[in-house]
């Protein structure tokens, strides 16, 4: 039985946006919370169901063009995510999910499609597909180590004054202008798809700490081994 | 075939020579280079080689090579069959297969999902077999909804007889523009890519094998063939035990598809089934290699749906070695590891190796599956007690293990 005190993790629309191992972010958040003795309750919200407003950490993942358009329509109609973020919930929006948070994004034929306007950004279809490992230095204000992950998208994202770039790219494309991702309040958007939090546990902890405060340190040997192996392999290329 | 122009004959012959050279110099099995040489000299070679033959094309995310092999084995009952047995599933591989068996009246070609429209168009194949579509190597493969749309366009208005798995909603949608379809209830273990209606995006209602869209009229068609655990029920209602040598439900599904394809060629189940039983391993899959008293059975799986099938085949009482790479053919992105539910391995001795073993190690740690990390497959094998062990590896990891054993398997 879920208790009232459990940390509520809400995975939005896995039936539409769960193409690239997006479940990994859910699993990493659960795992890191539980190892610190924080009870968790995870809700998978299908696109035919309302998005609960009382969650703590929300996740939305990547997907193909058609499901992305459907997801944007349904989120706009539903309004639950917007209300949850207004209440201070954390949100990690990945790839297609990241684009949906803005005012507009590119559809199947590159046509502009309305986003939900939760973040001050606009996306469009870029000239070429960005596929590969990405390395980026995170905005010093967030105090996070180097960002590492994999991107696979055709989007170009322009940030407005209402959000800050999450990081400056060292390798890879990201937003398409030398920056990757963005943040505002308790919301983080990124092109690093799927298990971005497995490669960046400090980002997972940031999302958790926004809801539960300071976190006890963990033994992150496995995470560190993977990070170091990936960073050295990618930077050596 | 006898009708080839001089130019096509020359192209075909030079291609075969290139293939022989490739094999002799140990560079590969020659099925790609030979076809490339042929196509360079005669771009229309595939069309010319396909003419006047009875062809079946086989496409899916998983099970292409095995099903191609099963169908080939069945059709040998009717005569000589040209086939790309080594999984070279793009046009160069098809040219090579058809050149090698110039006079074969039948052809069974495994076709990469993306290339199906082009190959169907070029060859005018009479039969197409479609089994399943799921997420696979997303960094280079096409997205699957888009892929199914291209299948629809390619099949629309053609006289091709399609044999399709109606338990997979996306395959059903991809096949349903064809003029003639035989539906096979072949099962679908991996459902994570089919929660929404391919036609309208609405939610799919699922009850056992049946499915229907809640918002539009798209629904599962009535199957003519039904896989029922270890048997298949044919369109006349007769039940046949599928007692093939390849293990697991996924292979029984492949066999059911093969029997329906054989039927489209006029070959009865009675005659086809014994031929299916002759297949014991397919390009190294399911074979057992032995070293120092350890017998390792090799299972290939390349994506989340494939891992589910491999877990089904694997013996839960045995230790298991997992090997993962991320070279070009594997897909360079290991995100898919997070789509696989590894908790089923809890309680078994698990050994992790491969070039991307650290990705898998973290994945297993998060799933609370204890494991031992090994620098190489040899090391992992040496850590086993004498006896049997199962191995699941993705594509290049699998090939590396085969090479280590001299590809004698």
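Every residue, even glycine, has its Cβ placed from backbone N, Cα and C.
For reference, TrEMBL has these:
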{"type": "ACT_SITE", "residues": "B:333", "note": "active site"}
{"type": "BINDING", "residues": "B:197, B:200, B:213, B:216", "note": "Zn(2+) binding site"}
{"type": "DOMAIN", "residues": "B:61-262", "note": "domain 'Mur ligase central'"}
Among B:197, B:200, B:333 (the recorded positions), residues with Cβ under 8 Å to chain A, listed in sequence order: B:333
Distance from residue B:333 (active site) back to residue B:197 (Zn(2+) binding site), taken between C-alpha atoms, in Å: 27
Nearest of the binding-site residues (B:200, B:213, B:216) to residue B:333 (active site), judged by Cα-Cα distance: B:200
Cβ-Cβ distance under 8 Å to residue B:200 (Zn(2+) binding site), same chain, at least six residues away: B:213, B:215, B:216, B:218
Output field, Zn(2+) shell: CB within 8 Å of site CB centroid, site B:197, B:200, B:213, B:216 dropped: B:198, B:199, B:201, B:202, B:204, B:214, B:215, B:217, B:218
CB contacts for residue B:197 (Zn(2+) binding site) [other CB atoms within 10 A, all chains]: 23
Cβ neighbours of residue B:333 (active site) where a neighbour is any other Cβ within 10 Å: 24
Among B:213, B:216, the one of these binding-site residues whose Cβ has the fewest neighbouring Cβ atoms within 10 Å: B:216
